[in-house]
Amino acid sequence: MARSGISRLISSVRRSEGHKLRPLSILAFDGTTLGGGRLAMSTAVRAKEEKEPWWREAMDKMRNIGISAHIDSGKTTLTERVLFYTGRIHEIHEVRGRDGVGAKMDSMDLEREKGITIQSAATYCTWNGYQVNIIDTPGHVDFTIEVERALRVLDGAILVLCSVGGVQSQSITVDRQMRRYEVPRLAFINKLDRMGADPWKVLDQARSKLRHHSAAVQVPIGLEEEFQGLVDLVELKAYYFQGSNGEKVVAADIPQNLEALVAEKRHELIEVVSEVDDKLAESFLNDEPISPIDLKMAIRRATVARKFVPFYMGSAFKNKGVQPLLDGVLHYLPCPTEVENFALDQEKSEEKILLSGTPSGPLVALAFKLEEGRFGQLTYLRIYEGVIRKGDFLINVNTGKKIKVPRLVRMHSDEMEDIQEAHAGQIVAVFGVDCASGDTFTDGSVRYTMTSMNVPEPVMSLAVSPVSKDSGGQFSKALNRFQKEDPTFRVGLDPESGQTIISGMGELHLDIYVERIRREYKVDAKVGKPRVNFRETVTQRSDFDYLHKKQSGGQGQYGRVCGYIEPLPMDSPTKFEFDNHIIGQAIPSNFIPAIEKGFREASNSGSLIGHPVENVRVVLTDGASHAVDSSELAFKLAAIYAFRKCYSAAKPVILEPVMKVELKVPTEFQGTITGDINKRKGLIVGNDQEGDDTVVLAHVPLNNMFGYSTALRSMTQGKGEFTMEYLEHSPVSQDVQMQLINAYTATKAAE
């Protein structure tokens, strides 16, 4: 085979421009080694070489991205523009537009009414010959799981920041999620047309608050109502956006009044990138001229390696700056084969396996989101390796079930397009597959599972019940469906009152679900007073020595347990620990699991207010058994009574969820707001000035935050806004503890 054949094969092995080739001998597909001058290559290999580029090119020309940000930063508006410029939709509708149509990606009636995104929506489009799969995510902290699962399966992301609001509380949360899943990202400073827009302030905030190693790749031409276009610092060209919807991008020379600023910002860009890219640093230190292509490749290497974040600018609402951002996605974000994805091999005790990310490997796909559609359950899959075809059989590794793919579709918000097959790197949906969120599917040749998502614990509960008795069936159907779709939404039964309790991430989260039960299932639900998920814990060691003995004729019950309970450290990864320190056979080993079960059961309900006990360690040191009367039940009961008896001596305290609250209010209302937070037993931890607004950071008990949105509106004439997210469970004050205990005792007595 000619030399050019080898070089062609080597270049096809390269993942993309700018990637170093590992100095290894390359194994040909038939097992021969390509090396030195000798080369044995079978016809099958030659055929393979001709065939391979179909997917290599398809993979290189694919991007999977998510758009996430703080509430009202313009994520959905930006996605709407992206779909319009790429020809996926033919007219633009605004999120809260007067025409009442609403943005394409907000397909739920509730989303259109409230003007917020509730569910992440997937779509795909084509730009300059590249296929871009996009997931638009919610900004509200109550729907954080939607962002979490989108970032879990994406290769890159766009972090949208408001040029006036800057880096806000939710921007910090989504950035933390991007770090958790090691997602390379671009940032887009939106709303440059608004009063008070200051992109350089936002860039500084990103560096200080988000610890981004970042620099701008564009300079705006004018700001606020004079915002006209952008100067590209890589290509050194000015771009203006003309036409009724900014669809014509016109390149021009840099305006003279900006030349000095552009030179300074380009120098800063090169300097920042060369700090993390050796190749560019060499040229920079040797004072060599840096061409646009060299700079582009250096930015790409640094962005893919997550060492740099390029900052783009524009105004999605005014149709400016979206096309260059799309170019940036193609230039700087990785294709599926450039991202390292690991699976756990279940046959080798969960050994980490690096997936090739190509269609030629065995099939590995992750179900990351479920939706109940018109035709049954719709399962969103991200394919990490291999190919799925309609009619194929898949194995659900988590359950071991074998299932057939009856229908394979690509999603465009709530519309779907049937496809025959899909390969690695794509995001598709399948119908009629029964599974849970986070399940892994393979073709049966391997037993890999993908690592799961981080699911936060719910912090608030509500009691709900259907108004009419006839609609019980529909009501439970709705709850089952929502629980399957959303891992942060939990449904339980209160053992004392027999009420159905729903738990979630906040007031809005639960309100939305109650509203969806009413609309989608036509069931009116009665809602009880919101209930906070308190916890109990112990503060000191307490010993127990309990004998459970019952004689009733025939076989009795006998079990004695001795030991102590003590608090676990606050940062302990486990909430409950059981240690068996018995030496010898004082208690036969077959009864130990029953004792542990008894202690676990007892810790589900503390004696202060009946909430679960956390951060407790039970140590069993001694005990006694009876040859005839001892049984698992006897020891389980002995453990339950022993725990209850020694619990009060361990000085138990009640823990309550404390929320991190960020308030943004006009400065004139600052005094009223801080006074109100103090009244709610909040602790103010930060106070910043942003233009005419004051940003207050506080830690406030969730129990004192009910109905806060209404109170804030009335205190600030509707001008204040706030976001809150769960921070930690911390002990309540002595007076609150007494109030809670008295209220609990009163309700018990009333029953």
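Glycine is no exception: its Cβ is also placed from the backbone N, Cα and C atoms.
Predicted automatically and left uncurated, TrEMBL annotations should be read as such.
Residues or ranges marked as domain 'Tr-type G' in TrEMBL: 60-337.
Among the features that TrEMBL reports, GTP binding site is placed at 69-76, 136-140, 190-193.
Each of the binding-site residues Ala69, Leu192 was scored by the other Cβ atoms within 10 Å of its Cβ; the lowest score goes to Leu192. Of all Cβ atoms in the protein chains displayed, 29 besides its own lie within 10 Å of the Cβ of Lys75 (GTP binding site). Minimal Cβ crowding within 10 Å, among the binding-site residues Asp72, Thr137, is found at Asp72.
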